[in-house]
Amino acid sequence: MTLTDMEGAATLDTRVAAPVSHRRRRVVGLAAALVALMVLTVLSVMVGSKAIPVAVIWDALFDPSPDADQFAVRDYRLPRTIVGLAVGIALGLSGALIQALTRNPLADPGILGVHAGASFAVTLAVGWLGVRDIQGYMWFAFAGALLVTLMVLALGATRQGSSPVVMVLAGVCLGAVLGGAREALQLTDPEAFDAMRNWNAGSIAGRPLELLWPILPFFALALVLTFVVAGPLNAMALGDELAAAQGVQLARTRVLAIIALTLLAGGATAIAGPIGFVGLMVPHVARWIVGPHQRWIFAYSLLLAPSLLLVSDILGRVVLRPGEIQVGIVTAFVGAPVLIALVRRKKASGL
Amino acid sequence: MSAGASSRSRLAHTHLTGAAPAERVDFGRRVLVLRRWKVAVRVEWRSVTVCAGLALAVACMAVLALMTGSYQLSPGQVVSALTGGETGLVHDVVVEWRLPRVAAAVVFGAALGVSGAVFQSILRNPLADPSVIGFSQGSYTGALIVILVVNGTYQQLVGGALLGGMATAVAVYALAYRRGVQGFRLIIAGIGVSAMLGSLNTWLILKADLDQAMSAAAWGAGSLNGVAWNQVIIGGVCIAALLLVAGMLSRPMRQLELGDEAAASQGVRVSPARLGLVVVGVALTATVTAASGPIAFISLVAPQIARRLARTGGITFAPAAFVGALLCLAADYIAQHVAPTPLPVGIITVMLGGGYLGWLLFTEARRRL
């Protein structure tokens, strides 16, 4: 038993002693996160190469007129913010799912081959089929992500159900093979390389809302699945045997969780390109705030991840004005210092 | 070492009296015990045979690689050139042109395999490799800055890569340090720093013009092009010394796998042992990076393949080294001679290693059915 495990046990004891105050702290924290997210949503519409006051945003929504600022709000900033919210939620939840499933702190939603499948499919689309616009990329990315995860599931499945370690390794293998093939294609095709280095950075700018609508039903399904498996995943944190003894169906829980996280991560990648760090960082932070309770971790991830994404997106617009930095590049710079500072505190615990 | 060799067969049948069915009792693995002076080494037979098989495969692969090229040779010519029986063109082709590259693939592959084994063991995580501590991303950042900003020579590029990698590794270790370094904190600090540097790299690639970006990406994939004898010899000496240190640390490493408290109670000085292992692991990767660029994935996949071939419980060095060597050599052969256009070896190692480990997992799953 390591030092942090013992500290974890200590906090567990205090929770048993004073469940009410602990619960109140969680609820207050959740409300604070919600308020922060709402503020950021408004800021995301206001801030940019030209600052737009709240009154204009209000008018753009409820009293439309052919004004340049209103146009910018309706056709550019608002879609970008909504896409950011959706993508952020999807990334945060999928990260929380994969960490609960594998109990590996290195596991991010891309580890089951989602990013590799999406990138490979987009490279094929760019290099061989000459697809050049984001609408075209999207369906290739989504299909690639789903296909590769299905293959990982098949590869990692055994009769005893699927072992998370084997599945993660299978995902790494498949991801590596596809990544190598993608890199080989790109290094021999400068045009594809050029197109892909933009897509690979990950961005939520210039995505019309029409792009988001077809993905939303998948997100909704995944959201329901996520909260359905939250309870069984809690039991599985005690170990497979104990969970099975409590009546958890291990194989079914794993498959449902994987379907949910693939839909979420695949959809997010299809819209925004591979954004890696959010899904890795946010669930760690959420767990350090609320302790090992999946439903709360999911709820916090649901709010913290879009917040991180929106903060990063806003900063990306402001820092190099009038130019912009893609959100996928900024997230690590915003999030990593927070992550490192938190892990240096005593309470941060493993999985 | 052979003087005191004795082998004990631990597999036996229990002979029960009466009609009870003869049941096979598993007393553990067959082991080989070597005793000489005050040293005793206990190795599992399966590891020995797997290592011997892998060594044979490496030798065959090396001969094949030495034969193949625009000037085709026979196996006999290669062997006699290696033993000094040839002069003139055949000698030059084999010993001066092709051998450095083959030797580099073997030595560097072995180094990467051991380096990965070190990290997977001390972090107790099958996904760990030297990139966990940020070395890979850091060295890529260093190389990118030299290529894109300074527009430097190849030597400067190597210097930049080493400097970047080392600085990052030290920074991650320092950030994870809080009255000792604990595995989980090291992983998280590594994730954070690597993510930042990875983003910086993406941004640099995005801002660069296409030619420079592509040449940087090609360096980043790792290649054995232009490896000459002096690099192989310098690298080989460094790697040999490091492997020796790794071998001496392998016993504390095994004990650390039991957990810090258990290791400490067995007399292991936990923090120095772990620091020593991290330094050895990073230094092995750094040596390879200096000579050939970052050859990806061998350090991740070789220990896992080795573990499945030798069926050892934990991570072991020798099989990982041999698997790494074979993987690197085979990948370089494919990159040079089989691929339609010559590719950086790193791309092939990724596909070959990933594919093979995938196959092992697949058959393992079928076996368990």
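Note that the numbers count up from 1, one per residue, in the order the chain is shown.
Just so it is clear, glycine is given a Cβ too, placed from its N, Cα and C backbone atoms.
Between the stretches B:131-151, B:257-277, TrEMBL puts its transmembrane segment entry on B:131-151. The transmembrane segment (B:226-249) shares more Cβ pairs under 8 Å with B:102-119 than with any other stretch in the list B:45-67, B:102-119, B:131-151, B:314-335, B:342-362. Just going by CB pairs under 8 A, the stretch in B:45-67, B:102-119, B:131-151, B:342-362 that sits most against the transmembrane segment (B:314-335) is B:102-119. Long-range contacts of the transmembrane segment (B:342-362) within the same chain, counting only residues at least 6 positions beyond its ends with a Cβ under 8 Å from a Cβ of the stretch, are 105, 218, 220-224, 292-298, 300-302, 304-305, 308-309, 327-328, 330-332, 334-336.
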